[in-house]
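Beneath this line is the structure, given in structure tokens, with notes to follow.
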Amino acid sequence: MIVLGVDPGLANLGLGLVEGDVRKARHLYHVCLTTESAWLMPRRLQYLHEEVARLLAEYRPDAVAIEDQILRRQADVAFKVGQAFGVVQLACAQAGVPIHAYGPMQVKRSLVGTGRADKEQIIYMVKATLGIRELFNNHAADALALALTHLAHQPMRAASTRLAQKSA
């Protein structure tokens, strides 16, 4: 299974691709897309859409795992993140790739075992799990963490699907 993890943001959008399953995951690619604040909003969104669509076409992931950010204290930040989130959803819909959202606590629990893990613990676990020596960007690290979280949740999703099919 190939999973694209997405840490949504307008100024910085993290993307990370992993392949494998919960027992053995392999790093394929990661990047942090950056848009300039001087760019007009349509140009920023277009750039993000084009790059996400390009990765979807090139790697053909089976799923996308995106951070579900429930609460933002600053309305303007929430609005901008929401626009980036929407652009990713559009690219996924156009490519026919299902999206799965995970909250920050789910990611922390999945990778570290506690919902109170800090950023350094997450980065350490991503690097250790994928055998990456250098990971310079927090947004890309978050994206890879989301992809790994999705892989970890796959056995539970499969069991739930089988149970639902038996009940029907």
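Every residue gets a Cβ built from N, Cα and C, even glycine.
Annotated active site per Swiss-Prot: ASP7 (among others), in sequence order. In sequence order, LEU13, GLY14, LEU15, GLU67, HIS139, ALA140, ASP142, ALA143, LEU146 make up the list of same-chain residues 6 or more apart from ASP7 (active site) whose Cβ falls under 8 Å from its Cβ.
The Mg(2+) 1 binding site annotation in Swiss-Prot covers ASP7, HIS139 and is backed by sequence analysis. The number of other CB atoms found within 10 A of the CB of HIS139 (Mg(2+) 1 binding site), across every protein chain shown, is 22.
The active site annotation in Swiss-Prot covers GLU67 (among others) and is backed by sequence analysis. In the three-state DSSP scheme, GLU67 (active site) falls into the strand class.
According to Swiss-Prot, the feature Mg(2+) 2 binding site maps to GLU67.
Residues annotated as active site in Swiss-Prot, with sequence analysis given as evidence: HIS139 (among others). The secondary structure of HIS139 (Mg(2+) 1 binding site), as reduced to three states from DSSP, is helical.
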Number of Cβ atoms other than its own within 10 Å, given for GLU67 (active site): 23
